[in-house]
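As written in TrEMBL, here are the features:
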type     : residues  : note
TRANSMEM : A:35-54   : transmembrane segment
TRANSMEM : A:74-107  : transmembrane segment
TRANSMEM : A:114-134 : transmembrane segment
TRANSMEM : A:140-161 : transmembrane segment
TRANSMEM : A:182-203 : transmembrane segment
TRANSMEM : A:234-256 : transmembrane segment
TRANSMEM : A:268-301 : transmembrane segment
TRANSMEM : A:313-335 : transmembrane segment
Amino acid sequence: MTQADGTMKTEKKPFKPERITSAKTTQWLSNNKQLIGIFSVLILLSVFFSFSTSSFFTTGNMLNLLQQLAPNLIVVVIMTLVITTSGIDLSVGSILSLASALIAVLLSARWDSFFAFVFVLIVGAAVGLLNGYIISYLRIPPFIVTLASMIYVEGCALLITGGYSISISGSSWLMSLGGGELFTIPVSAIIAILIIIIGWIILTQTRFGTYIIGIGANEESVRRAGVNIKKIKLFTYMFSGMIAAFAGIIIATRLGSGSSNVGTGFEMDVIAAVVLGGTSLFGGIGTMLGSVIGVFLIGIINNGLTLMNVSPYIIQIIQGAVLLFAVIVNTYFFGRNKKRN
Amino acid sequence: MNDIPRIAMKDIKISFGSIQSLRGVNLELYPGEVLGLVGDNGAGKSTLMKVLSGVHVPDSGSIVFEGNPITIHNPLEAKKLQIETVFQDLALCDTLDVASNLFLGREPVHFFHRLIDKKKMHALAKEELDRLGVVIPSTYSAVENLSGGQRQSVAIARAVTYQPKVLIMDEPTAALGVKEVRMVLNLIKKVKETGVSVILITHRLQDLFEVCDRITVLYEGKIIDNRLIKDFTMDSLINSITGEVKEAK
Ligand SMILES: Nc1ncnc2c1ncn2[C@@H]1O[C@H](COP(=O)(O)OP(=O)(O)OP(=O)(O)O)[C@@H](O)[C@H]1O
Ligand SMILES: [Mg+2]
């Protein structure tokens, strides 16, 4: 290590370049040791399931898993950004339900697939925009704002479906979003991978991402740096609504039907994945890769245990326990989730 | 000294709830001048400077900048006027690295202005810290891993990097060691020579006598004394700060 005694010299004291490189590597390792940790758990679990059930580690099951997890992988990207600002979006599950119901209703009403698709995205973005406006301009805590949205958006979904599931038939490109394949890989999984890459670039390589982290660490500091933090938060929640709606379309086209309850509990799965991955609930620290691993961890526990014929009730108990354990480890071994002074 | 002030604040008032923090403050600052702003804890020094840097918008009063009446609605507008501030509470983002903090809000970009040019940002950060003689292990360290003095150095470096016209330093030496305090005082003398106006807030009165041209004393939200440094002695300054001299010149 170079000297860290905090002195400042009046004369020049040049850095040694190779020290900086090594400090950078050390920094990366110390930032990512927990990522390496949960990734190891993921690998161990996969190995365990591969030996305990013959159907787990098959191409068919893996592709099926990927397709099932695609909506979670898409929404976890934006949820990571939201939580990194020290916010939360509880309304994504309801928006997903509403989007799936709405696309089904619009297609039944003979809307053109493209216009129905765009309209649903706009509805999602509008809900997100309203969330963002109330959170950043009226300064109401995100938890309560998005809780309210979660309730009224689900009400809207119930209203337009009457509580029934509505079957879908759209043009082929729209249906292929959820059910299609490209070289045997589900289209939804390919889209998810693209969105993950874009999300990672936004978080780590752009000004927007830097301000998202900065807002989570010290909002006032970012404001004093001359950044329009209200706009940043507004856009984050708007994208959250839009992407949740997109995930809703994907689910609806995969299932071939839309209903007001497909997204029930979805927000909790996504938030759990983000927290499992090591993003701090207090903001300022966010890891896209961690969140993706978090989704797979939850998904694989579910998939593997199901294949082992474990009761879904017990699976849910195990998932809760794993989350609790991970949060405790993250907090006490990696200093995440602890409130900074 | 130049005739038109770089900044003239007139009758600035601001209240927080029932607390009236500034009760009609007039303050002038000339090009190339170092102005010491002193007063007891809670006198309103930081609040007055936050008005200049766009953090607070005053309830009433006016600001004239280089002869033009202006209003500063937010921190970005202050920065556009080249008013840079080292805040008393530093205002750094703990989880961002040193370079990101230095360039917060003005990151160098490439790739059609879409991505931060990290290589360039870290190189510039290193260059700037070297130039100021600030020793920090790496521009890649998160600010939360730095010592108090190093954090303060980052905050100072951030303010002086952009060739300000007005440099506001709110207790910049509070966490610094002897050598570092020297660095800051030398820095103030250096930027003053290039025509920068500096406002220095500090409770270290001996520093004021070293670098200031003029001292203004705030007392309970009002200016109660304003004299050239040569008209002050240590004793008269202390009397002023404690409110024993009510006569403003
Ligand atoms: N954001 C705020 N909300 C409420 N009251 C405030 C706020 N900012 C300042 N005040 C009040 O205004 C008064 C002046 O505070 P200020 O921070 O300007 O004092 P100061 O002269 O900088 O003191 P110090 O030497 O301790 O830094 C204090 O009574 C303080 O409590
Ligand atoms: Mg103060």
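Quick reminder: no glycine exception, Cβ is built from N, Cα and C everywhere.
In TrEMBL, annotation is done automatically, which means it is predicted and not curated.
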Checklist entry - Which listed range (A:35-54, A:140-161, A:182-203, A:268-301) shows the maximal number of Cβ pairs under 8 Å with respect to the transmembrane segment (A:234-256)? => result A:182-203
Checklist entry - For the transmembrane segment (A:182-203), which recorded stretch in the set A:74-107, A:114-134, A:140-161 gives the largest number of Cβ pairs separated by under 8 Å? => result A:74-107
Checklist outcome for this item: Outside the transmembrane segment (A:35-54), at least 6 residues beyond either end, the same-chain residues with a Cβ under 8 Å of its Cβ set are 276-278, 287, 289-290, 293-294, 296-297, 300-301, 303-304, 307-308, 326, 329
Item to check | Contacting positions for the transmembrane segment (A:268-301) when only residues 6+ beyond its ends and CB under 8 Å are counted | outcome: 32, 34-35, 38-39, 41-42, 45-46, 49, 65, 68-69, 72-73, 75-77, 79-81, 83-88, 90, 92-93, 196, 199-200, 203-204, 212-218, 315, 318-319, 322-323, 326-327, 330, 334, 336-340
